[in-house]
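Listed features, source TrEMBL:
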type	residues	note
ACT_SITE	254	active site
ACT_SITE	262	active site
ACT_SITE	309	active site
DOMAIN	224-316	domain 'tRNA intron endonuclease catalytic'
């Protein structure tokens with residue numbers, strides 16, 4: 001009996017809500033107390049009694065961590081390379097067999113192999129090799145002795161239900177410093193990074209690609225600072241912030257997340273120096289500091305309009321270097337020196353905007 005399509009969609013939505021309903025890292029724990037009048041009242045209102053907990057997660061700081069998508073792409077390229085080599089070997093062997101058959105009997109029907117037939121044959125051989133695994137070798141292994149007080153059932157340990165995430169510096173700092181639910185381990189010394197020195201650590205990592213900049217003196221135009229200002233601003237407003245390089249922007253804003261709906265807004269971060277002279281002396285060579293050309297702005301807006309996203313230009317004002325002490329940049333107090341100004345860009349269509 002086949003289930004209607006609506007039932008499948010509802011079941012899939014329920015599964016998504018079960019996994020992604022609560023924004024990380026909040027977890028709603030159901031109450032184990034006996035039924036009471038308060039729980040009965042909440043049930044009449046459609047609510048459930050529970051307790052919101054904030055679990056502590058652990059992360060490892062790795063500056064050279066490659067992207068997961070890059071690893072998948074590299075794996076697919078390697079598989080494609082092996083497939084092409086196997087197909088070329090099959091073509092060579094099939095061509096040699098056809099030539100030998102033609103030399104033996106010129107009147108016989110000779111099938112000339114093609115790339116399509118070779119690809120199909122290689123894929124079929126790969127499927128057969130996966131479906132028929134080789135028989136394992138038989139070895140007699142002596143059972144391990146069971147300690148006193150243990151049983152055979154205790155030896156089987158169920159694996160933990162864990163999900164490994166790759167966080168950006170902005171995401172990690174927000175979870176560690178403001179939600180206090182993430183501890184970051186430094187693999188060099190095996191200790192957790194204190195929250196007070198976490199900002200300076202991330203500033204040093206962000207400045208590491210620039211060898212001419214001493215890491216001991218942080219600058220207010222550090223890329224981590226103004227990018228985190230934008231990330232923190234929209235996360236505080238309840239948006240789910242994700243990277244937007246797919247649509248030529250810096251960030252995408254989702255209501256609940258990419259699992260439930262598409263992004264409604266596309267953000268372009270534009271740093272603005274309060275003192276224009278700091279731009280000439282900056283070692284970072286920041287993007288989007290120069291005015292956009294009309295052709296590029298129209299292209300950027302059209303790309304996001306075609307996918308039903310509203311383009312937002314987020315101008316981040318950077319305080320002057322002369323009046324900003326390097327000591328204040330070592331703590332979260334420096335975030336008060338920055339300001340954000342939003343400009344919404346819409347594509348003007350005369351046929352739709354007659355009013």
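The backbone N, Cα and C atoms fix where each Cβ goes, glycine too.
Whatever TrEMBL says is automated annotation, not expert-curated.
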Measure from the Cβ of residue 262 (active site) and count the other Cβ atoms within 10 Å, all protein chains considered.
11
Segment confidence, the domain 'tRNA intron endonuclease catalytic' (224-316), expressed as mean pLDDT:
90
In the three-state scheme derived from DSSP, which category covers residue 254 (active site)?
strand
